[in-house]
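Quick look at what TrEMBL annotates:
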DOMAIN    B:20-238  domain 'MacB-like periplasmic core'
DOMAIN    B:290-407  domain 'ABC3 transporter permease C-terminal'
DOMAIN    B:688-801  domain 'ABC3 transporter permease C-terminal'
TRANSMEM  B:21-42  transmembrane segment
TRANSMEM  B:287-307  transmembrane segment
TRANSMEM  B:331-358  transmembrane segment
TRANSMEM  B:378-402  transmembrane segment
TRANSMEM  B:430-450  transmembrane segment
TRANSMEM  B:685-709  transmembrane segment
TRANSMEM  B:737-756  transmembrane segment
TRANSMEM  B:771-791  transmembrane segment
Ligand SMILES: Nc1ncnc2c1ncn2[C@@H]1O[C@H](COP(=O)(O)OP(=O)(O)OP(=O)(O)O)[C@@H](O)[C@H]1O
Ligand SMILES: [Mg+2]
């Protein structure tokens, strides 16, 4: 499903030039659950952002579902994002002005889904994430665990083929963290590809495969222990 | 989709109430000012547009080329109309109006009312000005010398609602027959009119009507379709030079005639002398239009500024929406619909405010403007267009900026740093400087105008203007027995003295020549002629600097004596007041029978200069003399207490001499206050605009300060964690803005200096430019700016640093 070859990303500031990704090659098949690990600053988030079409690489190729997208125009990236990719962030990133239900509904609106169908889908996913009773609350009125569940709900509401999660449990205690990991596993079992960045060996155990990065390079790939 | 946009927009609006309020209030206020000014300007532009074929009507006015700076006169010789009609085939019709600014007593049965603005006109009047009749018709309405045409208001006050055509109206004692009643919609006519009487009724001597030197008629000509006014004007100017001037023997002829389009009269006659039209002023109309456009621009700019500043806080929302897959177009549409919504609220508010404030504006301008959206679809259209255009204009920039955010960047930190905002900073700052420059400029103007206006009202005029009752004599009995009348007035308890004459301060004065024999030469000087009696000086409290007052005991004082003012001493070349005494002067007596007779007399006294005209006019040389044939006005000096009963006493004396007409009096100081009405209005206007400018300027600054505080939130948090005190941080944030105000002041000072010097120039008597006004304006602007910025700065400085740092 995802194939990257010799991917490079260089950040240039006035004086320094940081090679955040250096010759990264990687393949992820449909239905896989992959964890990316590595020390801070090794380029995990950078890689994830490129995989999520939020950022452009400086070199190398990136094939997404059979098409080259490394330098696709913003319009096409937005279209691909809303159709195929769901994001979960460490800091939840919910829109404060929208209620739980409205947050979750948003991707469907951008997809142009009809109102009745939106209602049905939102209800279904909120129930699944066990935040249905909170549907009319605003994000700030929820606990961190609940917020992350809403974020996951929003990521999966349009049944994306790929879920990208950047330290999804980073701001959660262990029991809430485990819940989120369970959710991701369930989704993966239902057929969704999951790529997750994490610092936690415990979380990484949920994945089929672990990719270790160091200084912008893949140093090790191994299947789940 | 739009539902979602508006939902977010609405929640944002409610969540940040103060901010939304400021943003909406600023735009609404700007729009209101704009709408009100727009209504006023539109109204001003409508004058005489209602007259059919008005585009072919011209007024003839002249420039008098004899003076150093040519002066423009509205009234011209009666011969212009005669000539145009006879010698100029392209002229279809002409009409004259006699310049006759007196108030007359109209009598119907028992009803007696003083009516102003009665016009003596050619019978062709309605041929040139086809006004609408309510009763009767224009055809032949002014043919008979005894015809009178009334306006609806005047007709109603005498006859009620019934049709008065055919009934009699007396002007004083002369009978006239009502031939028609004009409809009431004359508010856009450049002439003030209450009734019209044919010129024939005045029975002007035929010889006088042939004089080119008698400038007494407002003259209009309607050209045939297709005629070229510029050509006609050139032809007329040639005609005067080639045909008229050579025939003039004694009289000088300095006329240079011009044709003024009818529809220009209202706005383009500000400097015309002896003009009786309802005057507007194109300079004010232009300045106001400019101010309106400027206010709207600033309001929109501030709106953008605030919205952009606000958008910084929404960077995260944008990032999330983009991550989820919102396209740039969708985001722009969202933010545009938000500003359109805000604009809509502002426009609605502005509409409401305009409707509420219009009566006050009407009272202030004396207009009857309406703001009826239902009956005026064009206005409604303008409002809709305004909403969309301002909304799009104001929303476009923030939408552009916001939608360009990179999700990776904005999601990484809660606060956006620089990027595109940095690049437009000079523009942002530039506009703030312009706004504050405008505020400082207006504050200075307001102070200067305020000072000059109080100077005008309070300056020592060289005579005593308090408690002087002032009125014209009426009826033959009174004029013929003016001496007895005066004596009886003097008997009234509470009356200090009384003077009868022509040429009182604040009233009309006559200008005429005086001949001074100097070294065997007869020199003719233009002077003000004040026709006075023996009580003039003491009634007005004038001071003699040399010689003596007129005395009834000296026979020669009536026919062989003059008193002059100090300016006359200088201008007539007499040296000192003492040297002036005894000098011979000759005056061509005002007399229809004996136009060549000369009054020869000596200067017996010199009075200290006193301001008999407004302080706009430089004091002119004035000659005072006893000349009973010109006596017309009465000034009665009352004691300070019991004014009411003194006035009653004067009224009783009046009744004994003229039981027919009621007395119509004013107080002399009111005349003076009235002269400065325009300045009083300017003062009010300036205060208002200054207020608006300061408010709007603060809003802009507030937006900028909010933006800056927002941008530096994290920096401030860290500084505080490291131990910075609140005052240091407030100073850090305020410094830059105070600098902006300083720059604004530097721009505003010379501009205000120039503008106010020029304005003051119009007054012959004026205050010195008050330098402190500049300091005060700068200080005020700085204080206001500091308070505005300081609020944001203090808020930012006192915020808990942990919250800002944790936002990551
Ligand atoms: N916008 C940027 N400008 C310059 N350098 C950047 C930028 N973003 C990241 N970097 C650099 O690129 C490298 C990789 O950063 P990245 O955020 O991918 O690390 P990470 O592995 O996600 O670290 P962490 O575990 O701490 O989140 C780092 O050295 C970082 O300093
Ligand atoms: Mg990271």
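One is the number of the first residue shown, and numbering goes on along the chain from there.
Keep in mind that glycine also has a Cβ here, set from the backbone N, Cα and C atoms.
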Which residue counts does DSSP give the domain 'ABC3 transporter permease C-terminal' (B:290-407) for helix, strand and coil?
99 helix, 0 strand, 19 coil
So how many of the residues in the domain 'ABC3 transporter permease C-terminal' (B:688-801) end up helix, strand or coil by DSSP?
98 helix, 0 strand, 16 coil
On the 0 to 100 scale, where does the mean pLDDT of the domain 'MacB-like periplasmic core' (B:20-238) fall?
90
Do any residues of this chain, six or more beyond the ends of the transmembrane segment (B:430-450), have a C-beta under 8 angstroms from a C-beta of it, and if so which?
294, 298, 301-302, 305, 679, 682-683, 686-687, 689-690, 693-694, 696-697, 700-701, 704, 737, 740-741, 743-745, 747-749, 751-752, 755-756, 759-760, 767, 769-770, 773-774, 776-778, 780-781, 784-785
